[in-house]
Each structure stands twice: as structure tokens, then as C-alpha cells.
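See below for the structure under consideration.
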Amino acid sequence: MTSSAKNEMKKAFEAAQKAILAKDTPLAGQHIEDLEALSKIYLRKNAFDKLRDFFGALIFALVIAVFVRQMWFEYYEIPTGSMRPTLKEKDRLVVSKNQFGVNIPLLSKHFLFKPDLVKRGGIVVFSGRDMDIPDVNTMYFFLFPGKKQYIKRLIGKPGDTLYFASGNIYGIDKDGKDISAEIQRETLGKINHIPYIHFEGRAISPKSPVQGIFSPVVIYQMNEPVAKLYVSSNRQIQGEMLPIASDRTSKITKYEDLWGFKNYAMARIIDRKQYLSFNGANLENIKPSDLYLELTHSPSLQNATLERDYYGRVRPTVGLSKSYIPLNETHLKRLFDNLYTARFLVDQNGSIRRYGYKKSQQPQMFQAKIENVPAGTYEFYHGKAYKVGWQGTLIKLPNDHSIYAFSKEKAKMFFNLGIEFDTRFSPDSSTQSLLPSRYAFFRDQNLYVMDTLTYNKDEKVIQNFRKNEELRTSYSNGTYSAFSEQKVTKKDGTIDADFIKQYGITVPAKSYLCLGDNYAMSADTRDFGFVPEENLKGVPDFLFWPFGERFGYPNQPLYGFITLPRLIVWILAFGTIIVSIIIHRKRTKLPQNFD
């Protein structure tokens, strides 16, 4: 702009300002029109200037948005069912990003972190950076590279030692104090916990076989190498426990003793023909029945076998024990009346596919079938069926809906396939590697299956089961372990801290054990390992969609509203806003000096 143009613009600004200060509205309006005309002449922007201003403003807004989302608060949508029933697919939350730390944007680090503010039993959001989680990369606003965030319930803090029994988690902190009540809060209701996802967790074998056998095999649980299986020089299958890297004090010598593995079984329903096929037509010591509950339990290195796994590899596998209980119609209806499933889609042909899975992940040939149920998306939760509507809203189905129509085959199908909805999990052999994600445990001598009290301790069938288990154990010369209940409290009701120390899992320093509320559908610490302290990002503060009984503060302990990290972030945020307002007012307050 030339000096004459600048002088002309200056005079126009001064004239407009003088009229405004004199409150001469008509004259001020005239001078403003003159300014607009001059700006079109002297301040006209070309296409490049306009693009520069647009992208500059956009980048500035995105940077502010990233800082807000990473350090202050963030909108979060639940992608999977791993936290059901507390949080469900399509739930919308506001997540506080400053409850116990001040995050460094786009990094898994903190400017400040206060570990004392982290609460056992609370729900946390954490980054997957540098963790053994597949498909963890993402882009924020299609511009900024980052890592996906995950939401789980925080169970153990650094130094805690935890043990799984009777569907509960018992624990002591680093000072030996009982923390079980903090972990297993009464408000959690039917939320139970299982110490493993699969008996072998993650089995890592060589890429190539030796004489047709993939050996050795290293078994990972909680992403820790805990055991090794191999074929010895004399062709015998051997197994050994490995030192647990995160807990050098661990003295566990048997695989089934890991953190309470022996207290749980994986369950499936088989018919009489399958039972006879699996057991060589042997009905000794068991009552004939149309259906049986098969319990697979007590994973052992001592009884390791050579099997062909799901991927077709012949390799050493953990030895498993199997027990059977007759399943009459009363027990079957009890299970059906308390059924819970993954969310699933029914198509026009009655084929069922798990919600969230692509068709390529679940080919038509492996999809189960259901009759007389209209096409739609459904789920069961403890016997109540719901149809999933717009944006994840749930519509409870009436009791006369066809989905409730009971039959033995339907109950068997939903029990065996109700999580995976994949017919490859249907029972076809006693050595089948794919077992449905259904679990069982004893609590107060009652047998719980699928979190349901299925067999009362006073029923004759369960009393006979216990006797048979004791007999099998006594005759086995130590090769068979009965499926039973492990007590972790002393006679006076206090926790047996020595037992917990010996058989529990200890959370390493600056790490946290996090689990999903829906153990049957959750990839969590049991799979990807402990969550590093630096990965913790925040906590959910408010569930605002859908409306209903879960609306508001999630099911977790109350966090303090005023904390040091929160004060720092709020002071910075409001300080920035106030400074911006002051600068804006200073720039726009009249009179202005145009020299």
C-alpha cells in the first residue's frame, strides 16, 4: 500500500472514530461505508490470501481443539461391548482429561501426575501407545498422528497383589492391607471377573516346524511369558514355568495356580451323542441325560498333549481336565432365563452375525440360524431381550416376542454361540481348541454358570459331582485336579494375605491392571498386559447418551471435583480466555491510535 493510500485510510478511520465517539450515528454510518469502499480498493485479497487466511484459521482452531481434547475434556463414543453393562456400544461420554494428571498433548506423558488420585474400581481412559495392541494408530482431525484410546475399569495399582476366586478379585496393597472391598464394590452388582480369556492366553511358536512339530511354545498370560512347552529329545512333551518378569518374587510352580486359574472353568452344552463320542461311550458315575454341561478346567503343564491347533499347527498344548454335569430342562431354562449375549444382527434369512463384525470376518457359512425372529439388531442381558434402535437406544422386547420362545436346541445354540456367534465354536470334539467364551465358578459351594446360580449346593446332582471330583482326584496319583472352590479368607473372615502373596499377581511399579466389566468380550490387561502410568489420560465424567437409568455419572467411585491437576488446567484454560478477552477489548476499545 502506498503512503498516500495509507494516509487516506488513516483519515477515514479517524473520521469514523470521531463520529462514533460523538454518537453521531448517521455520520458514523457514512464514514463506515467510505471505509468499506476504500478497503475494497486498497485491502482487496487475492485467492492466495483468502486460502492462507482460511487454512490459518482452520489450523489454529484444530490446535486449540487438540489441546482441549488432550488436556481438558473430550467427547467419547463407546465402540465395543467390553464394558457392558456399565457402558454399551454407541454410548456417548464426556471424559475429563485432568482428573489425576496434566497431559502432554499427543504424547503418552504428563507434565504432572498424582498417583494418589487414581482410584481402584474407577473407570479410566488410556492411550495404546507402546502397548501390545493391534491397529492402535489413528489420526486426529485427519491431520495429527496419534494413538487410539481405550476405556476399562482400573483394578490394581502399583504394588497391589491380586487373586481371582469365586468370580471376585481379592487383593492386598503393597503394605499388606486388604483392598478387596475397593475392587469388588457392591454397586457393581453382577459384574464378575475371570483371570484369563483363554487357557493358553497367547501361544507363540516357531515360524517353521521341526519334523512336523512346532516346538517350543511359549505361553503368555497378561502379556507375560509364564510357561514353555516343548518336545524333548526322547519325544516326550515337557513343560516348565518361566520366571514372571513383572514379579520376581513369584513362587508359582504350577500353571493352574496362576492367579486363580484353577478356580474357573470354560463351559459349553453338549448333547448325549456328543458326550458319548467324547468319552468313548462311557456313562460311568454319571446320570444319563439328553444334555450335559461340559466344564473344561485345571490347565496343566504336567498333562500337556500334542494337538493340532486352530491354525493347523501340530504343537504341544496345555493339558486340560473335563468334567460333566447332567443338564435337565429346569437348569437349561434357568440358563435361558438369565441369558446374556453379545449384540447380534439377524438378517432376512434368519442368519445371525455378531454386531461390529464385517461380513468378511464372519462368512455366511459360519453364521448360526434362528427362526421366526424379525430382521434387526438384538441383545440379551440376564434374560431380558432388547432390540437396538437408532444410535444404540435399547427397546425392551415384550415377553411374548418370538425371541423368547424356548426350545432345547435354541437354548443350546445361544449358550454355545451367544458371544462369538460363529459355528466354529459349536462342540465337535473333546480336543477342540475353540471354546465358547462361557465361564463357570463355585461361590459358597453353589455353581455359577454365565454369572447365574445354576446349580444349588443342596441339589443332589451337584453333590454327586463333588463326590466324583474327589474320587477322580484320589485315583489320579496327582495327575487330576478337581474343579472346586478355593477359599482365600481365614476362619475369622479376614483375608489370607500369605496365600494372596504366594499365588496372586503383583502389579509392577508405575503400571496398572485394567479389566473390562464384560469379561467374556473384553481385550484388556489379560491380553495386552499392564497399562503404563504414562498412558493414563482421564476418567469419564458424564454419560449424556442415551437417556435412561444410566444417564449421568457412570458406575464408579466418586472422584474429587477439585484436584491439583484439574486446578492447573482450569486456571490455564480460563486464564487464556480472560487474556484473550482483555487483548480483544484493548484492540477494539475507542479511541484507537492510527499512527
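Glycine is treated like the rest: Cβ placed from N, Cα and C.
The model shown is predicted, which means the values in this text are computed figures rather than measured ones.
Summarising the annotation, TrEMBL assigns active site to S82, K152. Look at TrEMBL and you will find 52-184, 458-545 tagged as domain 'Peptidase S26'. The transmembrane segment annotation in TrEMBL covers 54-73, 558-583.
Note: the Cα of K152 (active site) and the Cα of S82 (active site) are spaced 8 Å from each other. Non-local neighbours of the transmembrane segment (54-73) in the same chain are 94-98, 102-106, 140-141, 143-144, 537, 541, 569-570, 573; each lies 6+ residues outside the stretch with a CB under 8 Å from one of its CB atoms. Listed by sequence, the residues of this chain that lie at least six past the ends of the transmembrane segment (558-583) yet keep a Cβ under 8 A from its Cβ atoms are 68, 71-72, 96-102, 112-114, 117, 119, 122, 539. Confidence over the domain 'Peptidase S26' (458-545), given as mean pLDDT on the 0 to 100 scale, stands at 93. Sequence-distant neighbours of S82 (active site) (same chain, 6+ apart, CB under 8 A from its CB) are K152, G516, D517, N518, M521, S522, A523, D524.
Around the Cβ of K152 (active site), 22 further Cβ atoms fall within 10 Å across all displayed protein chains. Look at S82 (active site): DSSP puts it in coil.
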